[in-house]
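I am attaching a structure below and will ask some questions about it afterwards.
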Amino acid sequence: MERSEAYGFSGAMSGAFLLSCLLFAAISRRQRGPYMDEVFHVPQAQAYCHGRFLQWDPMITTLPGLYLVSVGVVKPAAWLLGWTGSVVCSVGMLRFINLLFSAGNFYLLYLLLFKIHQKNKAVSGFQRILSTLTLAMFPTLYFFTFLYYTDPGSVFFTLFAYLMCLYGNHKTSALLGFCGFMFRQTNIVWTVFCAGNVVAEKLNEAWKTELQKKKDEKISSKKGSFSDLTRMLQFLIKYLISPKNLVTVTALTWPYIILVVVFFGFVFINGGIVVGDRSSHEACLHFPQLFYFLSFTAFFSFPHLLTPTKVRKFLLSLRKHPVQYSLITVICLFLIWKFTYVHKYLLADNRHYTFYVWRKVFQRHELVKYVLVPFYVFAGWTFVDTLKSKSIFWILMYFVCLLAVTVPQKLLEFRYFILPFLIYRLNIPFPSIYRQLMELFFYILVNAVTFYLFLNRTFQWENSDEIQRFMW
């Protein structure tokens with residue numbers, strides 16, 4: 001990092017942290033007590049603070065990573081600073097843990113952007129800092145910086161594991177992946193993603209060697225036509241059934257394999273992936289979740305995805321491959337018809353934005369969910385098009401992980417999209433500075449509206465005296 005870039009990065013990170021501290025103070029003044037899921041998380045962390053590690057709230061569905069880290073930070077700080085009484089492990093103190101995680105996420109995002117795009121010499125330090133600031137302000141994640149939720153810590157350990165994987169430190173990556181798993185069980189998918197990065201790199205090298213042997217210049221090691229994709233899949237199967245290749249891949253990815261084995265052991269002993277209350281977290285094949293994620297990504301990445309150039313390219317592709325797109329459309333219609341699920345929370349909890357999205361859009365008419373299919377197809381095409389700089393094996397690996405982390409979820413919850421979105425956004429090419437600034441200003445606007453609604457547009461339910469607030 002050059003000196004000017006170091007100064008710029010330090011200024012951006014310090015400014016972002018100062019802004020977060022001011023927002024933290026405002027939110028803590030308005031909402032002093034636990035809110036929403038905090039009513040479960042805060043008492044559980046406080047029980048750990050008092051040494052009651054065997055106490056467990058059966059309504060909590062995630063492992064105790066957040067509470068263990070909180071106690072590990074707060075208790076030594078209280079001892080060093082002489083804090084006593086209710087201030088130790090208070091609601092505000094516990095929320096501050098996530099403010100620390102957000103600072104760590106800011107730094108990790110910068111390091112990941114630097115590592116992933118290090119070969120692109122055209123990217124300036126200003127662009128890296130701007131993209132880091134933008135992703136750090138990503139609305140769905142940034143909002144939960146100020147509440148005692150698992151999301152900031154889950155993102156921190158997962159991004160840290162990804163960074164260590166990219167640097168080839170796979171033992172450390174697997175250990176950090178375990179920490180992420182302790183925050184949220186579905187993060188095991190991103191451990192598989194880290195292992196998949198290693199496998200994809202080896203496959204790409206072997207594929208290039210195969211092309212060199214055949215001297216077939218018509219096949220690309222990147223994203224190609226449908227026939228090229230078929231040949232690549234045949235090569236993939238051939239490569240993975242070779243004992244020699246399996247030994248090589250296993251030798252490189254064994255730390256991740258051990259963690260996956262531990263995960264399956266946990267699932268067997270626990271009787272499922274969810275701890276605590278399972279009644280509202282049943283797994284199912286909810287394929288439209290992929291379409292919701294693509295729409296979510298198109299909304300938050302519109303400066304990159306919804307451009308006139310991309311629309312023209314999509315229409316040209318549509319004219320060239322009408323049969324393939326017709327087949328994709330039919331498949332989408334079938335998946336929506338047979339695999340759409342509506343969780344009871346989505347219909348009942350009017351504090352979440354998803355409640356209004358579902359009521360204002362999808363419940364307008366029975367046909368709305370089918371009418372949106374052309375947009376889903378376009379969103380999927382432009383999503384993949386922005387990843388064309390990655391190898392086909394990386395793209396396949398990412399999509400397998402994306403399906404694994406979204407499709408089994410019955411509840412439409414934007415928090416579930418945070419990690420797949422960030423990993424996607426980190427890996428697309430840097431856009432122009434103009435589009436980066438547009439994205440940043442859009443995020444700032446969304447955050448401003450979100451915090452305004454949360455702090456000022458409160459309401460009450462008929463059967464409750466508690467103040468309710470709108471949130472993600």
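FYI, residue positions are counted from 1 along the chain as it appears here.
Placed from the backbone N, Cα and C atoms, the Cβ positions cover glycine too.
Just so you know, TrEMBL annotations are computer predictions that nobody has curated.
What TrEMBL records for this protein is below:
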TRANSMEM  6-27  transmembrane segment
TRANSMEM  60-81  transmembrane segment
TRANSMEM  93-114  transmembrane segment
TRANSMEM  126-149  transmembrane segment
TRANSMEM  155-183  transmembrane segment
TRANSMEM  246-269  transmembrane segment
TRANSMEM  289-306  transmembrane segment
TRANSMEM  327-347  transmembrane segment
TRANSMEM  367-384  transmembrane segment
TRANSMEM  391-408  transmembrane segment
TRANSMEM  437-455  transmembrane segment
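Help me see these features in their spatial surroundings.
Non-local neighbours of the transmembrane segment (6-27) in the same chain are 95-96, 99, 102-103, 106-107, 110, 125-126, 129, 132-133, 136-137, 145-147, 451, 454-455; each lies 6+ residues outside the stretch with a CB under 8 Å from one of its CB atoms.
Within its own chain, the transmembrane segment (93-114) is flanked in space by residues 1, 9, 13, 16-17, 20-21, 24, 28, 41-42, 45-46, 66, 69-70, 73-74, 87, 128-129, 131-133, 135-136, 141-142, 144-149, 151-153, 155-156, 159-160, 162-163, 166, 422, 426, which lie at least six positions past its ends and keep a Cβ under 8 Å from the stretch.
Packing against the transmembrane segment (246-269) from elsewhere in the chain are residues 170-171, 173-175, 177-178, 181, 185, 188, 191-192, 194-195, 198-199, 202, 240: each is 6 or more residues past its ends and has a CB under 8 Å from a CB in it.
Same-chain residues lying 6 or more positions outside the transmembrane segment (289-306) and placing a CB less than 8 Å from one of its CB atoms are 138-140, 332, 336, 372, 375-376, 379-380, 382-383, 386, 402-403, 406-407, 409, 412, 414, 417, 420-421, 424-425, 428, 431, 435-436, 438-439, 442-443.
Proximity of distant same-chain residues to the transmembrane segment (327-347), defined by a Cβ-Cβ separation under 8 Å and at least 6 residues beyond the stretch ends, is recorded for 280, 284-288, 291, 354-355, 358, 369-370, 373-374, 376-377, 410-412.
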Quick check: do the transmembrane segment (126-149) and the transmembrane segment (367-384) share at least 3 Cβ pairs under 8 Å, counting only pairs 6+ apart in sequence?
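They do not touch: fewer than three Cβ pairs between the two stretches lie under 8 Å.
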